[in-house]
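If you check TrEMBL, you get these features:
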type	residues	note
BINDING	ASP50, ASP52, SER54, PHE56, GLU61, ASP89	Ca(2+) 1 binding site
BINDING	ASP91, ASP93, LYS95	Ca(2+) 2 binding site
DOMAIN	37-72	domain 'EF-hand'
DOMAIN	76-99	domain 'EF-hand'
Amino acid sequence: MTDLLSAEDIKKAVGAFSAAESFNYKKFFEMVGLKKKSPEDVKKVFHILDKDQSGFIEEEELKFVLKGFTPEGRDLSDKETKALLAAGDKDGDGKIGAD
């Protein structure tokens, strides 16, 4: 992940949401530097987070999204996971595609 994003930005972003129920995906993606990245780089990050390489990030993978950025990241709660899924699942199929 540090090939695409600053290790310092990752550390700050993951640390900012270390408390349970504090995760805000919009702020996190901004803090980690994804908002400034090209669509190609965002897709590279997506493929890193897509652990089973299915082409989709499913709910179970979202729970561990912070650990995808750094092993020190915490697991998201069920509530946080569902909120992130709802934000990214545009067609309601229960998973997030790269687009």
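Note that Cβ sites are derived from N, Cα and C of the backbone, with glycine treated the same way.
TrEMBL feature annotations superimposed on the structure.
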| residue | record | contacts (Cβ under 8 Å, 6+ apart) |
| --- | --- | --- |
| ASP50 | Ca(2+) 1 binding site | PHE56, ILE57, GLU61, ALA98 |
| ASP52 | Ca(2+) 1 binding site | GLU58, GLU61 |
| SER54 | Ca(2+) 1 binding site | none |
| ASP89 | Ca(2+) 1 binding site | LYS95, ILE96 |
| ASP91 | Ca(2+) 2 binding site | none |
| ASP93 | Ca(2+) 2 binding site | none |
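Neighbours of the Ca(2+) 2 site: apart from ASP91, ASP93, LYS95, residues of the same chain with C-beta atoms within 8 angstroms of the site's C-beta centroid are PHE56, ASP89, LYS90, GLY92, GLY94, ILE96, GLY97. Across the range of the domain 'EF-hand' (37-72), the DSSP-based residue counts are 20 helix, 3 strand, 13 coil. Residue counts of the domain 'EF-hand' (76-99) by helix, strand and coil are 11 helix, 3 strand, 10 coil (DSSP-based).
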